[in-house]
Amino acid sequence: RGHEIEDPEFRGVHSAGMPASKRRIPVSQPGMADPHQLFDDTSSAQSRGYGAQRAAGGLGYPASSASPQAAFLADPVSNMAMAYGSSLAAHGKELVDKNIDRFIPVTKLKYYFAVDTMYVGKKLGLLVFPYLHQDWEVQYQQDTPVAPRFDVNAPDLYIPAMAFITYILVAGLALGTQDRFSPDLLGLQASSALAWLALEVLAILLSLYLVTINTDLTTIDLVAFLGYKYVGMIGGVLMGLLFGKTGYYLVLGWCCVSIFVFMIRTLRLKILAEAAAEGVPVRGARNQLRMYLTMAVAAAQPLFMYWLTFHLVR
């Protein structure tokens, strides 16, 4: 531990007959701490380490990598994993962008939502008063139909989508006024309307296939044309809430006739015009089937309008 050193102050006491008393004072050895210090001093080691860092940094801060190459060399595994993850994410995004159009035609959907306030106003007027409209041809620019906001005859999905949502809200309002509202009943109303719409589209596509009609009428066009009937359904239900069944039948009847005329004049350009371009005789058997199909689609709209709304007005 240390060498025992006799304290000279106690020599007289020892010689006077007092008990011998010696105080052991540890003698510091080279490399040991101060024996009078209560705690170990660790600041020297830290100061030495911090001084080394200051010396490396040059300005009192730890040294940092001077370039990305130095960082990569300092930790190559993590940087390589980060680079691989970035390349994998970029490849996945590119793969999704290439294949998303196979399932959801985003580019085509943008065309059907290219509308403005003026177009919406004109289109709603055309749906309610189609009798005075003369030119039903869709305008083209370099073999591509112009955006709906430039042509009131072009089909769109904005009005059908908003009309469907509004129809569900109005149906909930009508059920609430009759104390029959429930989330399940409202969900049934929405699902039944979508189911009937999908059934209509499938039936028309199957009919076009069986009749072998070559037309530029796409599935999205059919959804747009068939979705316009929700506008008249909203008007009928609202008038039924305000004026009873009399107002419901009057407004719904007017809208049913209007949508019938609208569908006839719109679809005949899509179906019968192709027959004229192919040189099919007007009174030919195939052309007669085209006419019957056009009238059947137009006549089905008033039936669905009544079927989906008559129980909402009492």
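Each Cβ is built from the backbone N, Cα and C atoms, and glycine gets one as well.
Those TrEMBL annotations? Automatic predictions, nothing curated.
The feature region 'Disordered' is assigned by TrEMBL to 1-51.
If you look up TrEMBL, you'll see 1-12 marked as compositional bias 'Basic and acidic residues'.
Marked as transmembrane segment by TrEMBL: 157-176 (among others).
The transmembrane segment feature in TrEMBL is assigned to 188-210 (among others).
Taken from TrEMBL, the feature transmembrane segment covers 222-242 (among others).
Residues 126-131, 133, 136, 153, 217, 225, 228-229, 231-233, 235-240, 291, 294-295, 297-299, 301-302, 305-306, 309, 313 of the same chain lie 6 or more positions beyond the ends of the transmembrane segment (248-268) yet place their CB under 8 Å from a CB of it. Among the features that TrEMBL reports, transmembrane segment is placed at 248-268 (among others).
The feature transmembrane segment is assigned by TrEMBL to 289-308 (among others).
Scored on C-beta pairs under 8 angstroms, the neighbour of the transmembrane segment (157-176) with the top count among 188-210, 222-242, 289-308 is 222-242.
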